[in-house]
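Enquirer: Per TrEMBL, GTP binding site is recorded for 221-228, 303-307, 365-368. Sequence annotations record features per position, and here TrEMBL assigns compositional bias 'Low complexity' to 71-102. What TrEMBL records for 386-399 is domain 'SRP54-type proteins GTP-binding'. According to TrEMBL, the region 'Disordered' annotation covers 25-102.
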Amino acid sequence: MEIVILAVVIAVVALGAISGLVVSSRKKKQLPPAPPSSPSVTAPPAEPHVGEEAEPPSAEPRRTVEEVELPGAGAPVAEAEPEAPAAPAEPEAPAAPAVEVPEPTAGRLVRLRTRLSRSQNSLGKGLLTLLSREHLDEDTWEEIEDTLLTADVGVAPTQELVERLRERVKVLGTRTPEELRALLREELLTLIGTDADRSVHTEPGVGVNGEEKPGVVMVVGVNGTGKTTTTGKLARVLVADGKSVVLGAADTFRAAAADQLQTWGERVGARTVRGPEGGDPASIAFDAVKEGIAENADVVLIDTAGRLHTKTGLMDELGKVKRVVEKHGSVDEVLLVLDATTGQNGLVQARVFGEVVNITGIVLTKLDGTAKGGIVVAVQRELGVPVKLVGLGEGADDLAPFEPEAFVDALIGD
Ligand SMILES: Nc1nc2c(ncn2[C@@H]2O[C@H](COP(=O)(O)OP(=O)(O)OP(=O)(O)O)[C@@H](O)[C@H]2O)c(=O)[nH]1
């Protein structure tokens, strides 16, 4: 009897073991969720990377962006995830894109004043030292003139300034350092101008069909001056001021430009409209404004490709981008980005760009890397258009509204 019971127990245990093995092997087979038949979805499931253009993305029709996920940043639109059939699905963290809150823009130039130290040393302090000499003879005045010219103030403004200084110093007689500083401050301010409208116009307007249209800003300039960076920084400035922004990546020449812009946008929650590499910039710009109107955005910022002012074909293309955008309504601001370190060269660029698209404001970038702060004066004279923003570094919040008083104070020191 016992033998029979033992035999039964062994049989039961053996059966159990066999069925257990089968189940676990089935489970193992289920584990890798075999990618189901979704052939054309290009987005890789977990961590796609920007710029992975290795294989052509299956000739998709041109789509407005937002699906390209960036390293380290979640995609702004969460539903774009293709995954579906995975079995017991763990509660996936929604990977909220950490949208940054940029610093307010008020007083930025004051905060960034030390970045102007190179200009400060050669222009402001240089002038003060020379003016403080006991005898202001011809040689000293020549040195003053040279200092201004070296700082790229330009010939005509330099002569004007020297003349006025000579006159006022004569009237002043003996000079204390405070008097000299005040005098120089006043004259530099006169040269730069304090009553120009330096605000970037982004007010909404009325579109061609009577609908509300976002403020439209185009950013133009030659290669490498900092257009994309400036567009990104400007988006932050606007977001900091409480505006919603759509970015148009109309720089289709430089492969990384759209990715770069999109990264800037994602950091502050701004959508980027982009097209295929080498695509038609005018149609991307057009789509960006269309998107801006559709989503009721406050401002659309359009980054354009860098182009040499000497290439007429490219300059014509820029004119076309603007005209096409204007089919929606007015372009409210055309910002010319000039690299302050290129000095007088920038003036020629300014002139030609001004002829093709009506420049309404100048952004002087890389002022942190040059002793030639005087270019502010020269370029305004050349174009008759005010400097509205200055770039003082590569940091995200290193773009400052241009304030003449703060600028001059930074140049000559307190
Ligand atoms: N130091 C400094 N660097 C800047 C400033 N603005 C832009 N840059 C740098 O200049 C370089 C070029 O900037 P981009 O924005 O890529 O220039 P871009 O005009 O869009 O270039 P293209 O599309 O090739 O014409 C980048 O390394 C920026 O970080 C600034 O104010 N100061």
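Positions of Cβ are set from backbone N, Cα and C atoms, glycine also.
Describe the structural context of these features.
Expert: G224 (GTP binding site) falls outside any helix or strand according to DSSP and counts as coil.
Secondary structure of the domain 'SRP54-type proteins GTP-binding' (386-399) per DSSP, as helix, strand and coil residue counts: 0 helix, 6 strand, 8 coil.
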Enquirer: Suppose we screen the binding-site residues G224, K227, T304, R307 by Cβ distance to ligand 1 with a cut-off under 6 Å; which survive, in sequence order?
Expert: G224, K227
Enquirer: Out of these binding-site residues, G221, G224, which one has the fewest other C-beta atoms within 10 Å of its own C-beta?
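Expert: Per-residue Cβ counts within 10 Å for the binding-site residues G221, G224 bottom out at G224.
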Enquirer: Does anything in the same chain, at least 6 positions from R307 (GTP binding site), have a Cβ under 8 Å from its Cβ, and if so what?
Expert: V222, N223, L314, M315, E317, L318
Enquirer: At a 10 Å cut-off from the C-beta of T304 (GTP binding site), count the other C-beta atoms across all protein chains.
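Expert: There are 31 such Cβ atoms around T304 (GTP binding site).
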